[in-house]
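Engineer: I have a structure here, written as structure tokens, and I will follow up with some questions on it.
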Amino acid sequence: MGPEVPLLNDYKQEFFWKRFPQTLLGGPRLKLGYCAPPYVYLHQLLLFLTPCMLGGVGTVLYQVGVLGDAYAATLSGGLMLAVAATLQTLAQCVARRTGVVQRLSAQNNILADEEEVEFSHCVAPETVRFIVPGKKFMVNVVLHTLLAGMLCGLGTWYLLPGSLIGLYGGMGAAMPVFALSWVTLCSGEYALIVNTPPETATFQPQDTYEITALTRPLYILIFIAVDLVYRLTDPMNELRLACQVLHVVFVVLPVLWALGTLPPPDALLLWAMEQVLVLGLGGSAMATNLRLLVMFLVSASVAVSTYFIPSTLGIVLFTVGMGYLLSLDGSQLGAVFRSRRAQSRALSLGLKGLPLGLIFLAGAMADGGLLHHYLFEHPTQTGNLSLEGPPTEELPSVSLHGVQAAVAYALICLLVLSKGLREIQGVFLLGGTLRNPLYPKQTGCSQAFRRSSRGLRLAGYLRRVLLNLVSPFAMITFLALDGSLLDLHTASLAVGFTRAFRMVWQSSEDALLQMVVVVLIRLGSEGAPATGWHSLGTGVQLLVVGLLIDRASQFISKLKFALTVIVTSWTETKQRRQSTSAMLMLNAVLFPLLLGELVLSALLSAPLLPLFTLPIFLVGFPRPLRSWPGTPGTACPCPDSVYYQQLSARLASALRGAIACGALGAAPPGSHFLCRFQDRVMWLTLLERGYGYCTLNIKGLELQETSCHTLEARRMDEVFEAALAQSHAPNQWRQLLNPHWGNTLTPCCALPVRLYSDARNVLTGIIDSHEHLRKLRADYVKVLLWLLLQRCAQRDRLTPPLQEKAPLSPGADSGSSQRALQRDTQFSTTHLPGSHSSSFSSSSSMSTSSSPGQRGSLSSSADWLDDDDLFGPQVARRPVPAPRERNFSLPGSVEVLSLYENMALSALPPLRPLGLGLPAADRGSSDGGGGGLHEASFLPAAGPRRLSGPHAQLLPSEWRTAAPLAPPQMLQLQPLVPADWFHFAVGRLAAGGQHAAALLQEERDALELFSQVALSCLVALGLEAEQPSPSLVFRLYGGGAPWSEALDWLKGRRELHQLALKAFRYSFKLLFDQASLGAMESAEELQATLDEYEHHWYIGTATDHGWQESVRQEKPFLFSLGHDLAMGTYTGRVLTLQEQLVYVGHVCAEGVRGQWANLSWELLYATNDDEERYSIQAHPVLLRNLTVQAADPPLGYPIYSSAPLHLGCL
């Protein structure tokens, strides 16, 4: 990547500078990029100032004393309502009249700019449509019109000069605020009723329901609502100060909208519900929007119910029980009674989780209820914390006594133990700075890794017991004995204790940390008066501590991300631009401003947005932790997606234990992880977490690596190898430090996962070896004979010998299974042998089998089957036995064994025309009869000898007739038929109890019949030559045999063609194995090898549908043959299903959120979709390219994304 890759290309720069003024002003398009009449700009300016003029009417009447403030606001609102209704009515009328004309003009002017409009006069339909586009839905027409009138009326009341003068105490500050505030109000009205501007804060890729128009009016109404509360309630200094500040912020609202700091309504609603649920009600971020809404409503109703419970014992029992139930995964309750899918059974708790959950619920309620009933003492008697104290002048003191004090010290010990046991589970300690000396050094083999990590697993089991069983009951005991329970009939304390009792289960580790902090503060101030902080109560204290810890951790993570961007912009040579030094100096000078942005983004829990991923930082708009509006699971699938599909379930099972024992760290919702194995990169996002479960989304990134992808993947490998794949001497202090501490990726652990390892070999010396290629034909005949016998045995095993079966469906896929496809065989048709000296082509047999070679106008021979009913309904027929010997008295004469020998000729059904549109042509003859020899060369000198009896149907009749093999070819290729191998294979089948094999042993003509079919297939594939070329081998392996009439004959028999192709692939794999491991020494070894191919291998191409099905079904081995065009070599690819170590690393969550926020701004607002743009180029520290890939479509492009996976990790 060059350092001066443009941030925006020339076209996008022009587009951006036309769009940004429109965003800043709220909708007027004052820069069009082409010449427009002056009245276009005048109309827009007049409509922009209309709210100010109408509001000015009410303001003047109020100032002169004609109207009161309420009546003046009502007048202005009514006038604005009339104007808005007029505009919307005019827009709807123009849209109805000119809808058709608009579409035609768009089609005729395809070379014009999409925004270019030809204006005819000031009130022309195109002028109205350009200035006031109108609404798509009639509901929005009515709603936005009413809202526009209300907004103007309330805005007039909000900005009355008298109120502003009274608020600020003079006209010096009131008048500038009054003038600039009307600009804000006008921009909001214009966006609502005239033309909605493109907003930089875009959450949804498409504004389907016109929500964007409500963004600016929503914030204006919020500011007005605060001022109304101040005016209608008793004066409060705090509220007055808030109004003064908000009036100043109201002035700069257009700037905040242009910078994208304020979220749109949908993102604001989801973010607010998530923040209240997590910080105020003790819940977790949820995997989907629907789950978030339901959980928020249920949790809020529990907090409200707690407020009205009169008894403290009832409060303890209710909050403990509801806290436990709400911390469980609701989807698992349905999985208890519904286990239809194997994946659901594998990843959920299932039926066994129900009694365990009931035991925990009963134990928790008994623990809290009994301890509170028998051990709870009034604060005035024990000296515990009391909020109000006795009605004396002496305030109660802060102290811990009795059982609660003992439990408090136990909580401190539990926190130290659980933190310590969690730290030693990972590769690094103390946030990724120091290497863990206890972590196993042998990470090359999964078995060795399991043996060396046995001690860590025991420590993990101990941590799980302490954190999931001991800690919740200890914290319930501490809360049940707290004296502040007596004052729960306040809203803050009801919410605080509802949250505290739920956090005990929802996030035990975080609750333990918060409770220990409260205990330490209380122990540190023991004996002090219970005022200020100590008068808040334990529930509110825990809420405040949790909020501070969350925002502090976010601030530290954002600070690390900002420093990484700043430092690497200079240290990474390829990231250094000509303007980098100026940007670094600017950041140094404005460091207080940068620090303020970090604090603001942490307080709002909003992403820190690096503009174009440069060291220019903005505060992105607040959004949910998932960062995207839709439900996870959308991807851009491709053939490689199947590898991630197989891997996701296995990886999820391995992650259950890693998350439970703490190997991935604290792993709160919103965490991101990267997994690496060979060329596969998995992106994990933790969406939701509760008691004994977590919800994950697994994404698979592309396998066809670009240069940027390769560079970052190589850095990933370096980071993992430096941490996991090397042994380190503990006596060297440098080896204890993490050499890649500044990287956004921090290795966590290695997980044994059962997956496919991909091995690729160059076949030079094998596929071009004359010695090996000479053996290919003989091996092919052996394998094909074996497959034909396997088909006979399988048919005999599945169905009775004389039972007719349905014909094979033409749509059956040959690549989806390793077994031969079952097919119907009609009763034996009549063969027409005779002398071939005549030009009479005896094509009755070829016509009977519907040879594709006689369909000259058709391009595919697989369109018809041999047994298609082309000539109308067939009369019931019976098989006619064929004579063993036939002597013909005259040359060229034939003996017809008619299927209708007992019927009169008049009773035969008439033939129906085929209707192909072309006349029938005899391809074997011409007018002069000279072409008959060419056709006759593919017909045998004598009819093939056929099996008799009921077992004659083991091979379909069309396989046993008209085999395109001439006598000279038969004699030349006959030595390739291994009689000993055939009898050995038949004997093995007969020994296995196969009835068909026993019959074949008794039949003298079986070898001749099977060898004729096998040799016919060999000729059809073009393997007559003793030594095929490597290119021919590659073509045949992929199913691309050279054309011949024999190939048309073979393709006309679909199942036989599939068996022939399968046999060739088996033969090549046999050649590959013998070249690598040595030749087969016995028939038993060959039999065992072919059995293994049949049951444990898929041998085909990676593009086959059967290849993907085999990966999904976890076939142990897969093999394919490929060709590297760049190197000019043939390659063999082997996939082996085995347990391997997958490296897992933690990715800085704030870095991901910041880069995704920039991606959303850059693509949805600046429309910078250039594939070579700066912000998508490789960054070995930030992993910028991989992060962009992992975004949800349409902005990202993962090739696989799982639905939310619910893992039980108790």
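Our numbering is plain: 1 for the first residue shown, then up by one each step along the chain.
Heads up, the Cβ atoms here are built off N, Cα and C, so glycines get one too.
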Engineer: May I ask you to indicate which of 209-229, 398-418, 461-481 is given in TrEMBL as transmembrane segment?
Structural biologist: 461-481
Engineer: In TrEMBL, which of 922-942, 943-963 is labelled region 'Disordered'?
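Structural biologist: My reading of TrEMBL: the region 'Disordered' range is 922-942.
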Engineer: Write out how many residues of the domain 'Pecanex C-terminal' (1056-1202) are helix, how many strand and how many coil, based on DSSP.
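Structural biologist: Counting residues by DSSP class gives 69 helix, 33 strand, 45 coil.
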Engineer: As a test: from 39-64, 165-185, 349-375, 532-549, pick the stretch that has the greatest number of Cβ pairs under 8 Å with the transmembrane segment (461-481).
Structural biologist: 349-375
Engineer: Averaged over the whole of the domain 'Pecanex C-terminal' (1056-1202), what is the pLDDT?
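Structural biologist: Computed over the domain 'Pecanex C-terminal' (1056-1202), the mean pLDDT is 92 on the 0 to 100 scale.
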Engineer: What residues elsewhere in the chain lie close to the transmembrane segment (165-185), defined as a C-beta under 8 angstroms and at least 6 residues from its ends?
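Structural biologist: The answer is 51-52, 55, 151-152, 155, 158-159, 220, 240, 243-244, 247-248, 250-251, 253-254.
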Engineer: Cβ under 8 Å to the transmembrane segment (349-375), counting only same-chain residues 6 or more beyond its ends: which ones?
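Structural biologist: For the transmembrane segment (349-375), the list is 312-313, 316-317, 320-321, 324-325, 328, 332, 335-336, 339, 402-403, 472-473, 476-477, 479-481, 485, 501, 505, 692-693, 1208, 1210.
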